[in-house]
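Encoded as structure tokens, the structure appears first; notes follow it.
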Amino acid sequence: MAEEPIRLTQYSHGAGUGCKISPKVLGTILHSELEKFYDPNLLVGNETADDAAVYDLGNGTAIISTTDFFMPIVDDPFDFGRIAATNAISDIFAMGGKPIMGIAILGFPTNVLPAEVAQKIVDGGRFACHQAGIALAGGHSIDSPEPIFGLAVTGVIDTEKVKRNASAKSGCKLYMTKPLGIGILTTAEKKGKLKPEHQGLATAAMCQMNSIGSQFSQVDGVTAMTDVTGFGLLGHLIEICEGSNLSAVVFSDKIKTLDGVKDYIAQGCVPGGTGRNFDSYGHKVGVLTEEQKAILCDPQTSGGLLVAIEPNCVQTVIDIAKDAGIDLYEVGKLKPKSESDIVVEVK
């Protein structure tokens with residue numbers, strides 16, 4: 001009798017970026033009474049919940065540094081490693097930079113799973129690094145109760161081209177590079193409800209590199225950029241709004257989703273992270289239907305880029321995306337800060 005294939009998702013209590021600590025709890029963790037250390041060369045720190053730290057080298061070039069890791073969101077070890085690495089590298093692209101090196105982070109239950117599984121995970125990470133044009137240059141591993149994988153990634157960028165999530169401008173249009181619904185489809189798969197025709201859709205989306213961010217950064221009219229991951233579209237949009245002292249409108253009828261998403265929502269395939277996200281920032285969002293909440297708060301793993309673009313530069317950015325085979329689509333717009341507590345209105 002053939003051995004049953006190992007299903008990595010059975011060995012973890014969370015999945016992908018849905019493992020993230022909720023924004024509300026994270027705020028408590030990061031709060032400190034200690035005096036802040038000031039470094040004038042640190043261009044981007046943790047004050048605005050940006051995707052990575054940026055350090056000015058003083059010669060027109062800045063270093064970008066980031067880390068990201070999580071537990072399995074798919075069963076295949078190679079795919080898990082590839083997705084985790086792609087997701088980590090994305091933070092460099094979200095700042096507009098170019099990655100130059102990756103360092104692996106591996107936690108593995110050595111008494112539960114064979115070492116060959118870990119080897120495949122690391123190989124998946126190495127494959128993604130090669131796709132991004134960088135070496136997997138080293139790493140660190142520990143024996144842990146659940147499989148964990150990710151990267152610490154270093155990148156570079158021209159200092160003047162850094163795209164912060166706190167530099168958006170009122171009037172900018174908001175665009176996305178990937179459809180939403182990754183958390184919903186992976187939950188449907190975990191529940192055994194995913195239809196054959198939808199197999200692999202989420203994996204393909206998660207493995208798509210956000211390398212287009214390096215090209216977007218060359219357009220001055222791109223005022224802010226972030227990747228949409230565990231806090232969902234609304235969570236990461238709120239970070240842009242609060243960092244930039246703005247409000248936003250989301251056009252729900254323009255949101256693109258992966259095939260089958262709305263059917264799976266109706267079947268109850270909504271990840272736990274969706275509710276945690278809404279509990280954290282729902283009071284900052286206008287009235288939502290249950291379907292809108294499930295889509296807009298859906299935790300994305302290795303999700304697309306959310307880009308704020310000045311209206312006169314929209315066509316330029318669309319053309320750049322089209323040349324790269326990316327279907328950029330509009331999701332909303334930024335406006336002056338509202339006097340109410342509502343940061344994002346959904347229409």
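Cβ atoms are placed via backbone N, Cα and C, with glycine included.
What you see is a predicted model, and the numbers here were worked out from it, not measured in a lab.
Per Swiss-Prot, active site is recorded for U17, and the stated evidence type is sequence analysis.
What Swiss-Prot records for K20, T48, A49, D50, D68, D91, G139, H140, S141 is ATP binding site. A49 (ATP binding site) falls within neither a helix nor a strand when secondary structure is assigned with DSSP, and so counts as coil.
Summarising the annotation, Swiss-Prot assigns Mg(2+) binding site to D51, D91, D227 and lists sequence analysis as the type of evidence. In the shown protein chains, 26 other C-beta atoms lie within 10 A of the C-beta of D227 (Mg(2+) binding site).
Annotation comment: Swiss-Prot describes K20 as site 'Important for catalytic activity'.
Here the candidates are the binding-site residues A49, D68, G139, S141. The one whose C-alpha lies nearest to that of D91 (Mg(2+) binding site) is D68. Between S141 (ATP binding site) and D51 (Mg(2+) binding site), the C-alpha separation comes to 24 Å. Residues D51, D91, D227 make up the record's Mg(2+) site, and a Cβ search at 8 Å around their centroid adds D50, A52, T66, D68, S90, I92, F93, A94, M95, N210, T226, T229 from the same chain.
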